[in-house]
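**Q** In case it's useful when we look at the structure, here is the feature table from TrEMBL:
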| type | residues | note |
| --- | --- | --- |
| DOMAIN | 26-355 | domain 'Calpain catalytic' |
| ACT_SITE | 84 | active site |
| ACT_SITE | 269 | active site |
| ACT_SITE | 296 | active site |
| COMPBIAS | 680-691 | compositional bias 'Polar residues' |
| REGION | 680-707 | region 'Disordered' |
| COMPBIAS | 694-707 | compositional bias 'Basic residues' |
């Protein structure tokens, strides 16, 4: 199904086609005139007189798309403008002809019809005959979250009868030249296509999400993070899932662009990866070798090393496999090479993935969210990167709530301003940082006190993409330029394997309401901010599946907030939490924390394993951070003195707060609610009469019933971290 799209310059393809066909005229696009303004802004592309010619004037048998053996012709001829990046992207696209319908919608209905006597069909489509075709075509591009349909005529610039810009090596095939014209119209002119990258073009052509990887073992390289075998599996999965992959050799200092190496590879060229295969090599005791199939879009120069077309190593593979693999590289520019040679020779790998977001699909579904924003002086969002501590937190902040561990792919794209600033055009250096924040954070952060959980390398490219592996909790994502004070517009896409709560934070702190002085007894506004992090609990006895109930109280319990803190791991009684919460406080002298540890039960009420109470008065007098270790206590019933209970805390006073030393008397129930207590009596002291079951046994004459006591015993130790800051910005 065709995606929803908007019309560039409000041009409707169907209306234009029908109007021109019925009037018998050729379409001339006045929004992209046949003039120098459509070609260049700074310098002309070539010397000589430029003539715009229709496709049928360039060949007697023009065709929009030509398939050979159910495959697109991969060979491309270069043009006068150095837009190799676009031609290389079209070469990658030629290896995936199923994507052509997305870029050239219903191309078979746009193509020329070649017949001596065009038949009169329904509608006006008989005018697609070579002599009567009105010369109007449409293409679609993905720009900043939406598909845009661009309509062009079939006039192409030539010098001495030859096309100036890129074209197919088959002179009858026109889709590459017309698509390039539509892309130039979208960008402003042909000269705007001189600079770019293959990944940018693939994103504009397919709407995929790019991932650019450095193939090296140095810090930051993909091979420093995973083994060669895992990297090979990673590439095979991407290829199997329909990813568009290309690779290139970087131009280092002293190298010449487009220099041919002795092994046949060309520096700076983007090669298309069209497949990966495992083969069994007999010389090495049936050892498996991973092969990579590549394509040079220029179709001229090929690899001449191991596993090339004339390599003797093919004799180590059985004839059936050898013939099958060689049939896959019959076209010019196609070749195989060993995976070891691939990671040794190439510097950069680009994988453009189509992440499925459709509800009506059996494939893995990704959840997507899109945002548009800006770095501008007007909105005071020119903070720069995290190295600029004083200004970084002025940038836009996006909160992410994760309820289950998930993978998040973040693609940050800046506005392409080639149309406005062609002469001095240069991309901003952009990137983003992800910070772990409190579980209940609702407002922007302002202080550098949060841990970085993920970030990308800042680069001056149109789009940067990274992958975040987030655990349960709340995070803040901050996109920014590297240097503060740089203005620009950005578009950000987030794809997650699970549903996320994502939103833009706009408020710095809670608002002051008019009714605060009435409800809060004169404490009209917050004077400080308390951050509480529950680190761990060390139980004297393992308690199974547990959770913590954290309650913050302010103004002598007039204002209470409670949260359930889930544990992350438990090993031999040591329970780790690592969750952090933030509380705005009005009366620091009367603020307190209560922590209760519970054991989860499938049926019935959860058991309390321990609890403690922490007054915050001595921690809220000044700004600071404190690590607090507190004893967890548990209430148990006992008949004897406190010392008779293992772990009991002696010297208690009745009615004390849990977490302190306390015992209290327990009054026995009445006879009707009696609890049968078993006591050991000698035969001489036993009563002569027997009591029925359920009634209390008689005691010896003159003896008193021992009283039950409620004793608080030591259940373990909890460690938390408390920080306080005056004011309400953190």
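Note: Cβ is positioned from N, Cα and C throughout, glycine not excepted.
Note that the coordinates shown come from a computational prediction; the quantities given were computed from them, not determined experimentally.
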**Q** Can you grab the distance from residue 84 (active site) over to residue 269 (active site)? Cα atoms, rounded to a whole Å.
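**A** If we compare the Cα positions of residue 84 (active site) and residue 269 (active site), the gap is 8 Å.
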**Q** Between residue 269 (active site) and residue 296 (active site), find the distance joining the two CA atoms and give it rounded to the nearest Å.
**A** 8
**Q** When a 10 Å sphere is centred on the Cβ of residue 84 (active site), how many other Cβ atoms does it contain?
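**A** I count 23 other Cβ atoms within 10 Å of it.
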**Q** I need the most crowded of these active-site residues: 269, 296. Count other C-beta atoms within 10 angstroms of each C-beta and give me the top one.
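**A** Ranked by Cβ atoms within 10 Å, first place goes to 296.
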**Q** Could you pull the average pLDDT for the domain 'Calpain catalytic' (26-355)?
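**A** Taking every residue of the domain 'Calpain catalytic' (26-355) together, the mean pLDDT is 86.
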